[in-house]
Amino acid sequence: MGRADTDDVQPLLHGVDGEKNGVVRLPIERTVVREPGNTKMRTAILVWLTLQNSIHTLLIRYSRARDIDEMFTSTVAVFMTEIVKLVMCLVLVMWEETPRKFLATIHAQVINQPGDTLKVCIPAMIYTIQNNLFYVAASHLDAATFMITSQMKIFTTAIFSVIILGRTLSRGQWAALLVLFVGVSLVQSQTSNTSGGQRDQSPFIGFSAVIVACCLSGFAGIYFEKILKGSAPVSLWMRNVQMSVFAIPASMIAVLVQDGEFVQSHGLLYGFDNIVWLTCFWYGIGGLSVAACIKYADNIAKNFATSVAILLSTIGSVWLFGFVPSMVFMLGAALVILSIFLYSNPLIFAQMLSPQKI
């Protein structure tokens, strides 16, 4: 249903003598269209983001923590994930452009524009390294700790945005980053004081891998934003296709350098079972979740999804891996969740600190 907004006032008109004569206030009716479909879509995206984040974290941890004889190589998993991502993006490009224009679009935007495609070379290779580091982290950290410490990407992204893009953060945002740092430190302190005992896991290696991955993620994200400013508009799916041009060879090089001898003797898909394939597929559709989030969800929805995903990952770790969170861990997790909301809504923090006027 529409509603009338009577607060609008017609502008003043100048009379012949130069004086301003007010015009009668006329109500201007504005029709606000409520789209129940959009509300349902937002809700669906919110639920999807929550499940995608939490299930992805639990899957990658479970795939690496299982007590099995044939453990897959993480570099091959990253390579197969890039293949899955490319296939899905090509399907989406075909769906957007129709099959008849599909090949022409690929040729025009990927092959005929090498300069534009080359722009995504550095972030594509950085994301490949980051994904390999996340597998290392998941091999040494429980799912809840991995999920929480990976939120340090907010901190690194903010720092690189100041350094590279020259952005200015408010005091509330700096305070939120401090809260985030304290929260992650508390979570890491419990992880360092408890020995997991599963598959020779080392919390120090896991935490170091997360920190390096978050630094790479923050730099790549800001670099990607900077180089694409002023570029010709290209769909998100096509950008992912361009990135695959570099990500797939980079991930294959990682396989050959790190696990070349093992793959040569055991085969490329050694240890791949339904769980590993599901992990690769779930990892691949993570980029599609980002696209859906950009189109339908706002920052509040994204933050809520991340916060609920942290809680679900913790519950899943307790149920699947026997993880027992301490009070220090729960305090750190609460601070991380709080910092996520405070960073996106710095005015809330400012209002909390400002003296109330009576």
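A Cβ is built for glycine as well, from the same backbone N, Cα and C atoms used for every other residue.
Among the features that TrEMBL reports, transmembrane segment is placed at 72-95, 143-165, 174-192, 204-224, 236-255, 275-297, 304-322, 328-350.
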**Request:** For the transmembrane segment (304-322) and the transmembrane segment (143-165), check the count of CB pairs under 8 Å (sequence separation 6 or more) and say whether it reaches 3 or more.
**Result:** yes
**Message:** Quick test of the contact rule: Cβ under 8 Å, at least six residues beyond the ends. What residues does that give for the transmembrane segment (72-95)?
**Reply:** 63-64, 102, 105-106, 128, 131-132, 135-136, 139, 235, 237-238, 240-241, 244, 247-248, 251-252, 254-255, 258-259, 262-263, 268-272, 276-277, 279-281, 283-285, 287-288
**Asked** Cβ under 8 Å to the transmembrane segment (174-192), counting only same-chain residues 6 or more beyond its ends: which ones?
**Response** 141-142, 145, 148-149, 151-152, 154-155, 158, 203-204, 206-207, 325-326, 328-329, 331-336, 338-340, 342-343, 346, 349
